[in-house]
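K.L.:
Marked as peptide binding site by TrEMBL: Glu91, Cys92, Gln93, Pro222, Tyr223, Gly224, Gly225, Met226, Glu227, Arg508, Met509, Lys510. As annotated by TrEMBL, Zn(2+) binding site applies to His251, His255, Glu274. As annotated by TrEMBL, active site, proton acceptor applies to Glu252. Look at TrEMBL and you will find Tyr339 tagged as active site, proton donor. Sequence annotations record features per position, and here TrEMBL assigns domain 'Peptidase M1 leukotriene A4 hydrolase/aminopeptidase C-terminal' to 415-553.
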Amino acid sequence: MAPVDPHSYTDSAHPLTKHVALVLSLDFDRKTITGTATFTLERPHSGEIFLDTRELIIDRAWDSSKKELNYFLEPADKIKGSLLGVVLEDECQAIHARSIFPCQDTPLARIKYSADVEIPAQLASVMSAAYIGRVPASTESRVIDRFVMEQPIPPYLFALAVGDITFEEVGPRTRIYAEPSEVKAAAYEFANTESTIKQAEALFGPYDWERFDMLVMPPSFPYGGMENPRMVFLTPTIIVGDRSGVEVVAHELAHSWTGNLISNATANDFWLNEGFTTYAERRIIEAQDGLERVTLHIGLGWQGLDEENERFKDQAEFTKLKQNLEGVDPDEVYSKVPYEKGSIFLRHLEQKFGRPRFDEFLKKYIQTFRFQSIDTETFLVFLRQQLPEVDQVVDLQTWIYAPGIPNDAVRPEIGVLQKVLSLADGFTAGVRLQKADIVRWDPLEYIVYLERLPKRMKVEEVAELESQFHFSESNNWEIKVALLTIAAYSAYEPLFPAIEKALHVVGRMKYLKPLYQGLLESSKVGNVLAKRVYKEAKDKYHPIAQFAVECLIHKFP
């Protein structure tokens, strides 16, 4: 008996789940979901089978003959939740458990699923699955929406949303779903999605998921996007009216090949998802917008990676590509390292072998491991098979298993990026932006500039920056939060009301964490403000975001 994943109770001696049939009922008044989950295993099995649960109430378990089965639910581990053990008899192949939903919650256990979702008739539901249709429920006020996912996916890509949702068609395989007040703006923002899909297909091969629909989530959504197959979830903060946030869509689309089609086996190998996807996202952006524009994105990524290496300077394990997260909650050490260091590594390989040869390798990699979950070592075996001389030109041991940024990593140096960085680096010496400097700037240049500036400034410097450009009033959340983060760390109290307003409006962790940390660190006034605002706003945040902010508050009492 041995776990297959440090963050799952799934046992290597047990068969994996191949299909889950869900029958769910959502009660909005009680804020509960009840239902049954029917599991089909990959082979017959007698004895215990372990499933992962978190804060679930299990009513009973039974086999395909409706005979009740013994089960046990162990006390919760703060990282892995509770182990649900069900004792199978007579080699039955399916079990039933009432909840939503116990599972072998490891990417290694790729599943197909079906779902009948009972909801109030006036609402709509979407899932990371094909919509089959709607049928009446047992009461007139309720209906059942039916879904099926015929391709095997890791359990973390199971997704369900229910609400006052409508949609707009923006392409032959894309709908934008959102609340009625948001849907028109969202449809405009993502009107060019089909051309992006075609560009990605030209780079990585056919799109295997049939549809690429997107749902704009409420402001509490803690991420920029979530790459659920067939139904990507997106933060509303990227809807700003100028289509400047579409790189988030490019990233989630790229996951359709790297992450969804091929998944990391465990969180230790997370870079296989996010490093490949960040690299692929930037290849899409380069094809659409050119080398100069994508270099700005790469430069911004490098800045983020430098910050993460500083953050983990005393925890070097979390600056490696292949990490050991045994006993560690991945949410606690979530960072840009797998994204940016992974992308830099792949770009390094591309530079060493040339783009045509590396593209051939990339397509073969995707084709070979499609609908599989693999670890870093499997990738390295394949890399050495396809590029036999790789160990002669790339120090794989250092890139994969050593902390920090390898000495032979090449930082991007090209025209506009260098100009923007130079202007930012000169700020403390008195260099200021002039009209001639910014005449052709798009939001991305401003973001790179603001992210490069020191987080702690003199209050008069913050005042000067804000009075010239009014960044805190920008409709672009990246620009707004970049300036407000400087204000928070600099204890610039005239902008504290704007920071407080932002923390009440948005739940995206990318913005919450720097704003709260800046306030908590900056001054007694800022620390008190952060704790008061969190007490008022926390119920608006997703539990993952609550956890992240509470960790900061604990760190800066």
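Placement of Cβ uses the backbone N, Cα and C atoms for every residue, glycine included.
Because TrEMBL annotations are produced automatically, they should be read as predictions rather than curated entries.
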K.L.:
If one measures from the C-alpha of Tyr339 (active site, proton donor) to the C-alpha of His255 (Zn(2+) binding site), what distance in angstrom results, rounded to a whole number?
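P.N.:
Between the alpha carbons of Tyr339 (active site, proton donor) and His255 (Zn(2+) binding site) there are 12 Å.
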K.L.:
Looking only at Cβ atoms, how many others are within 10 Å of the one on Tyr339 (active site, proton donor)?
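P.N.:
Its Cβ shell of radius 10 Å holds 24 other Cβ atoms.
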K.L.:
So if I measure Cβ to Cβ from Glu227 (peptide binding site) and keep only same-chain residues at least 6 apart in sequence, which ones fall under 8 Å?
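P.N.:
Within the chain, Glu227 (peptide binding site) has Cβ neighbours under 8 Å at Leu157, His251, Glu252, His255, Ser256, Gly259, Asn260, Thr277.
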K.L.:
Which chain neighbours of the Zn(2+) site, leaving out His251, His255, Glu274, have a Cβ atom within 8 Å of the mean position of the site's Cβ atoms?
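P.N.:
So the extra residues in range turn out to be Glu227, Glu252, Ala254, Thr258, Gly259, Asn273, Phe276, Thr277, Thr278, Ala280, Glu281, Tyr339.
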K.L.:
If you count Cβ atoms within 10 Å of the Cβ of Tyr223 (peptide binding site), leaving out that atom itself, what do you get?
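P.N.:
Tyr223 (peptide binding site) is surrounded by 20 other Cβ atoms within 10 Å.
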K.L.:
Per DSSP, what is the residue tally for the domain 'Peptidase M1 leukotriene A4 hydrolase/aminopeptidase C-terminal' (415-553) in helix, strand and coil?
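P.N.:
Per DSSP, the residues of the domain 'Peptidase M1 leukotriene A4 hydrolase/aminopeptidase C-terminal' (415-553) fall into 110 helix, 0 strand, 29 coil.
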K.L.:
Could you tally the C-beta atoms, other than its own, that fall within 10 angstroms of the C-beta of Gly225 (peptide binding site)?
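P.N.:
For Gly225 (peptide binding site), the 10 Å Cβ neighbour count is 21.
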K.L.:
Whole-number Å distance between the CA of Tyr223 (peptide binding site) and the CA of Glu274 (Zn(2+) binding site)?
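P.N.:
Rounded to a whole number, the Cα-Cα distance is 14 Å.
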K.L.:
Identify, in sequence order, the residues in the chain of Glu274 (Zn(2+) binding site) that are 6 or more apart from it along the sequence and have a CB within less than 8 Å of its CB; answer 'none' if there are none.
P.N.:
Gly259, Pro338, Tyr339, Gly342
K.L.:
For the domain 'Peptidase M1 leukotriene A4 hydrolase/aminopeptidase C-terminal' (415-553), what's the model's average pLDDT?
P.N.:
93
